[in-house]
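S.K.: Okay, here's the structure, questions in a sec.
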Amino acid sequence: MKKPLILFLITAGLVLLLDQFTKFYVASHFWLHESLPVIDGFFNITYIRNPGAAFGFLAGAPLLFRGLFFTSVTLIAAGLILFYLIKNRVSDLMMVIPLALVLAGAMGNLVDRIRFGEVIDFLDVYIGRYHWPAFNIADTAISIGVLFLVVDMIQKQKEKS
């Protein structure tokens, strides 16, 4: 169990550092709402502050409620991830890495909420006429982690059949 736990902690730590570094860089080098085209018509770096969650969920709720809600949900999720990892002595890389990604992403956004009362987003994608809401490294880590967990569950379900 030691090696998977060390890998989990290193992965989560590196992703959290990358998330916080990129947010710090964008916040210190861009004006709020400033946008830099990277791939014209497809991908921009745009400095946004999001008081809500994905797609602006709870953005209009009072600051105290948002803070308590998002902090509680994040800490409960983090506790459940760590409990699951340790109790089940998870050693499968298809579980260790995705769980580390989800934890790091959740913690990265929690750090922003505690520091600023909102999350720094800056990855801005357009697909044709569709504009995806801006997101960050933490959101990406959570999405990739969940995707890998779902793929792993589907594969394990197929093996049982």
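Each residue, glycine too, has its Cβ placed from N, Cα and C.
Per Swiss-Prot, transmembrane segment is recorded for 6-26, 67-87, 90-110, 134-154. Look at Swiss-Prot and you will find Asp121, Asp139 tagged as active site.
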S.K.: Restricting to CB pairs under 8 Å, which listed stretch, 67-87, 90-110, 134-154, is in contact most with the transmembrane segment (6-26)?
M.R.: 90-110
S.K.: I want to check the contact list for Asp121 (active site): same chain, sequence separation of six or more, C-beta distance under 8 angstroms. What comes out?
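M.R.: Residues satisfying the criterion: Thr46, Ile48, Arg49, Asn50, Pro133, Ala134, Phe135, Asn136, Asp139.
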S.K.: Same chain only, please: residues at least 6 beyond the ends of the transmembrane segment (134-154) with a C-beta under 8 Å from a C-beta of the stretch. Say none if there are none.
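M.R.: Tertiary neighbours of the transmembrane segment (134-154) are 15, 18-19, 22-23, 46, 48, 50, 54, 92, 94-95, 97-102, 104-109, 112, 119-124.
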S.K.: With every protein chain in view, what's the tally of Cβ atoms within 10 Å of the Cβ of Asp139 (active site), excluding that atom itself?
M.R.: 21
